[in-house]
């Protein structure tokens with residue numbers, strides 16, 4: 001049973017502790033949500049209310065104490081007066097006279113509550129309005145014995161106490177009755193306290209609490225009045241000003257206030273309306289300017305990127321998107337370094353940081369930096385990047401950086417090919433010139449010691465080298481002529497004659513290399529629209545190219561046949577619905593797929609990759625240019641180590 005009660009007590013204490021904790025947490029949360037201004041106001045109000053309540057309490061308490069002191073003095077005087085009058089009567093032991101005097105004195109003084117007279121032995125001699133037995137029950141004799149034991153009666157000094165044993169507060173005064181240092185008795189008189197003192201303590205508390213509550217009520221009412229009449233419109237105005245400052249010009253205040261506050265609200269709404277119209281005009285103007293800028297940037301051949309001072313992308317054109325493979329990505333507002341290739345970031349990011357640092361730490365000046373970036377990892381590309389700072393010219397503050405990206409990959413490759421071409425041509429020209437000079441000098445210096453067969457052999461070699469030199473020079477001249485704007489007259493041409501002439505020209509060369517050179521021409525092949533000499537040059541270059549890359553015992557076939565024209569242009573004269581296709585095929589070393597895309601570039605030689613054959617690298621470029629002059633394209637099908645097949649189509653000349 002005892003254990004069960006202890007368990008109940010512990011459960012109750014635990015529940016009470018949980019409840020108190022929850023209340024405290026709610027109070028802490030509520031207090032944390034209160035603003036600092038409200039906290040300060042509450043603390044100030046609390047301090048003022050406590051101060052005013054304390055002052056009120058102190059003032060009323062002082063008045064109460066002063067009143068009590070006056071009552072005590074009155075009681076002392078009254079008791080001394082009574083003691084002086086009853087001492088002779090008590091000395092004469094005249095009980096009846098004592099009774100009459102005390103009764104008369106009691107009845108004539110309304111403030112007296114009771115009168116007790118003790119004899120020298122401490123026994124009640126007379127009492128009013130209580131009987132002796134009742135008085136003994138209400139009052140103890142300790143005070144009287146104190147007088148007797150400590151001889152206080154010699155001083156005739158009254159003892160004043162407050163007696164609460166009766167209903168109401170009574171000032172209890174004890175005075176020794178003595179004459180000539182002889183104790184005759186003791187007078188105990190009870191005087192009713194001032195009625196105001198009875199209620200003054202409660203009044204003091206009530207007034208202090210009322211002052212405290214009144215101050216809080218005044219503050220609360222003042223705050224409520226202030227909130228509804230002043231604070232609310234001011235708060236609305238403050239919110240409106242903040243929204244206006246943040247760019248929300250649609251903010252309006254709709255409060256029914258008159259006077260100066262109403263005029264202020266009206267002027268605020270009018271200002272917001274004007275700002276809204278001004279913003280709309282600016283937005284339209286900015287939109288128009290932005291559209292113009294975007295149109296201008298999009299038409300620039302180079303890549304263009306505009307960054308803000310935090311390196312976030314503001315504007316990027318199509319060329320830059322294609323250069324960096326950003327198709328389908330929305331990079332506007334993103335940091336540029338998150339989207340650039342790693343190679344570019346490593347070279348570009350330090351420079352961008354340096355530009356921003358210098359413009360923040362030093363006086364901002366407009367500057368342009370140029371860097372060349374080469375990509376080597378996934379694909380080889382070369383970019384020329386121009387970085388130009390964009391400044392606010394009024395305050396010389398950095399606003400952003402403009403990046404111009406030029407793809408110089410093709411130029412670099414052409415430059416490399418050109419350098420290779422110069423190296424090849426210089427080598428190819430130097431070799432025949434050296435051979436020609438060597439053999440001519442030998443003939444000149446040793447012609448007497450050489451027989452006719454040796455002289456003829458030297459002259460034949462010199463003649464061969466001269467032809468080789470002539471071909472090199474002609475290749476360069478032909479390419480320059482073909483790349484110019486010179487117009488060539490296209491007329492009906494006998495393609496069969498051109499093919500047969502080419503075969504006759506290179507039949508001996510093919511025989512020397514043990515290569516079979518065949519032709520396969522469709523019977524009754526129609527004439528084509530072209531330039532006979534240029535067609536001869538096409539066939540010669542392609543046949544020479546095949547001879548160069550075909551192993552001994554190989555085969556070269558030159559075909560010509562009619563094919564349907566899938567892109568017939570019936571409105572153009574000299575055209576019909578068919579074309580003649582020319583093919584030059586071999587079973588030589590073939591061309592890799594990678595090189596097939598580059599084989600028609602100027603100065604590029606397939607021997608750059610095999611390092612066994614000679615040439616300038618202009619033959620196929622010349623072929624491509626000639627075929628383009630004939631409004632056609634050259635195509636290539638090749639497999640490495642299996643051979644190659646070049647083919648192109650020529651338009652059939654219309655019969656007049």
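From the backbone N, Cα and C atoms, a Cβ is placed for every residue, glycine too.
Range with Swiss-Prot annotation transmembrane segment, chosen from 189-209, 210-230, 231-251, is 210-230.
For the domain 'HAMP' (231-280), the DSSP counts in helix, strand and coil order read 37 helix, 0 strand, 13 coil. Broken down by DSSP into helix, strand and coil, the domain 'PAS' (289-359) contains 39 helix, 12 strand, 20 coil.
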